[in-house]
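Annotation comment: TrEMBL describes 297-585 as domain 'Polysaccharide biosynthesis protein CapD-like'. Here TrEMBL flags 9-35, 47-64, 76-97 as transmembrane segment.
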Amino acid sequence: MTRYYLRQYFVAICDALIALASFYAAYAVVIGYPAMLYRVPGLHEKAIGFTAICGVCFHFFSVTRGSWRFVSIPELTALIKAVVCAVLLYTMAAFLVSRADNVPRSVPVLTVLFLIGGLSSIRLGYRLLVDGWDIHLLGRRRAYHRADRNILICGLTEEAEGFIRTSQRLRSRQMAVVAVIEDGKKIGPRSVQGVPIYHSLEALPTLVSRYAKNGIKVTELVVAERQPNRRRLNELLELATSAGIKVSRLPDVTQTASITASSLWELKPIELGDLLGRPEVKRDVEDVARLIRGCVVLATGAGGSIGSELCRQIAAFQPRRLIITDNSELHIYLLDKELRETFPNLDIVTRIVNVREAERVSEVFAEYRPDVVFHAAALKHVPLVEENPLEGIKTNVLGTRNVADAALEFGTSAFVMISTDKAVNPTNIMGATKRAAEAYCQALDVVSSNTTFRTVRFGNVLGSNGSVVPRFQEQINAGGPVTVTHPHIVRYFMTIPEAVRLVLHASAHTQWCKGERGKIMVLDMGKPVRIVDLAERMIQLAGLRPRIDIDIKFTGLRPGEKLFEELFDPSEIQDHQDDEAFVVASPRVIDRALLHQTLSGIEAAALREDAKRAVDLLLHIVPEYHKETNSQGAPAVSAR
């Protein structure tokens with residue numbers, strides 16, 4: 001006989017004895033003992049019958065199968081229902097058999113009370129015993145005197161209460177909750193699960209200092225709200241930094257019974273995207289599903305930050321086939337492995353393709369004839385392209401031409417190019433190449449009748465390969481300093497998943513609004529973020545103090561780098577869509593014949609490795625390029 005069945009028999013016997021005792025106790029209170037033994041005929045037979053009815057009801061309501069160690073409100077609710085049902089059935093049976101003679105009216109009521117009290121008491125008592133509660137005068141746990149990590153919880157939510165209860169049950173030396181801060185309530189409960197509650201968030205530094213004087217080092221402030229306001233998160237980060245502690249978020253404790261000490265110990269860090277000064281935009285996905293579901297979709301540059309996230313989100317919309325292409329063997333191998341594990345039923349084709357090679361691009365298009373193409377392949381790092389301009393022209397200009405021409409030749413329905421805000425009034429070669437690529441797609445979109453060519457333009461994404469975020473993180477991990485080019489430099493930012501969602505949404509919208517030809521979709525990026533503020537936030541997220549624990553060093557603007565980026569050229573007509581997360585811009589359209597002639601000259605110069613001639617020709621179609629960094633008219637941001 002297994003341990004499980006032994007436990008079930010033990011629970012059933014305990015519940016039966018409590019039912020029997022409750023029945024006798026009710027009669028003893030009403031009639032008295034030992035008077036009830038001779039004034040109630042067949043008392044013992046009635047007690048056995050009542051116990052049998054209870055056994056059936058307890059089994060029906062799963063009372064005997066519930067865990068005593070994790071007993072909570074749902075289990076107690078089921079217990080009450082079972083008791084009430086059992087007493088009602090017994091009373092009805094007594095009325096049918098003997099018209100309820102010798103059953104005083106108060107007996108059923110008392111039986112319910114005694115039985116609920118007995119069953120719940122034994123369960124709660126067992127839980128308190130197993131959870132290791134110290135039975136002393138105040139009845140409070142003192143585990144936090146010995147814990148490695150002592151935390152404060154901000155927000156008295158159901159998740160917070162469950163987390164406290166679970167952490168106390170696990171009795172881990174790794175972590176203990178020392179207090180809860182319920183901000184904004186002057187009057188409220190003073191404790192939860194024996195943990196004190198304070199009602200002033202502004203007193204956080206004082207509270208941490210007070211605990212330190214008592215030998216308790218508070219290490220973290222844990223936010224209990226599921227979706228905290230971003231402004232509030234920034235305020236909490238500032239307060240926590242001033243108190244010298246980190247900020248984290250609660251793990252998922254909805255399944256408290258399955259949580260281990262190690263999983264509970266792994267609090268969720270606050271992500272940098274959580275602190276952006278704008279709400280993350282989420283859109284209706286129906287139009288995106290119409291664009292992708294059941295289609296053959298091809299993505300270039302699939303191994304990059306944007307390209308790989310594009311493939312993940314596209315795969316979720318169930319395309320008939322997903323073709324992932326990239327020039328990097330390692331990156332595309334890792335993405336292929338991830339997608340096949342996540343979407344085992346999806347038809348995935350992986351091809352190593354360099355978009356510079358027109359024949360290879362046409363070969364892939366001829367074999368699979370994609371319905372939708374997302375062109376994310378590009379060289380994007382400004383300093384590298386500035387030092388290697390010809391390589392940037394080959395990939396960003398000629399590569400885009402190769403993929404767009406193949407889409408037109410093989411009947412692709414929708415072609416979407418990923419562009420950048422650096423294409424607006426470019427001061428560097430990378431931005432100029434992206435503007436030329438935009439112009440080529442515009443020209444094709446105007447003349448094409450079967451294929452729509454769309455460009456989606458947006459700013460920086462948090463955490464992309466080679467961006468400032470990974471570099472800042474490396475510098476913080478190394479102890480600093482964190483290097484920023486200029487105290488006034490600002491950039492637009494959004495998270496990678498959000499950027500890709502909006503790319504898909506804008507692509508789907510324009511696909512069903514085919515009257516808008518030659519347009520560029522510019523994502524709503526919110527307000528620009530000062531890079532030095534970004535660095536300070538990252539230092540604070542590491543639990544350190546900017547300019548005290550980690551220094552910030554200004555290194556000067558790099559060649560071709562702007563103080564601020566623009567999402568629109570002043571000459572571009574802007575059409576703000578109602579309730580949309582993007583703006584439709586109408587840049588000047590360059591004649592396709594002129595583009596074709598110029599690009600042919602650029603290609604010839606590239607074959608001769610004549611970088612100067614290629615750049616000169618590039619600037620013929622991007623006259624707005626100017627080499628000097630435009631530091632005038634930057635947003636007014638005070639330096640600290």
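Backbone N, Cα and C define each Cβ position, glycine as well.
Within the chain carrying the transmembrane segment (76-97), a Cβ under 8 angstroms from the stretch's Cβ atoms is held by residues 19, 46, 49-50, 53-54, 56-58, 60-63, 66, 103, 108, 111-112, 115-116, 119-120, 123, all 6 or more beyond its ends. Beyond its flanks by at least six residues, the transmembrane segment (9-35) meets 43, 46-48, 50-51, 54-55, 58, 63-64, 68, 86, 104, 106-108, 110-111, 114-115, 118-119, 122 of its own chain at Cβ-Cβ distances under 8 Å. Averaged over the domain 'Polysaccharide biosynthesis protein CapD-like' (297-585), the predicted model reaches a pLDDT of 86.
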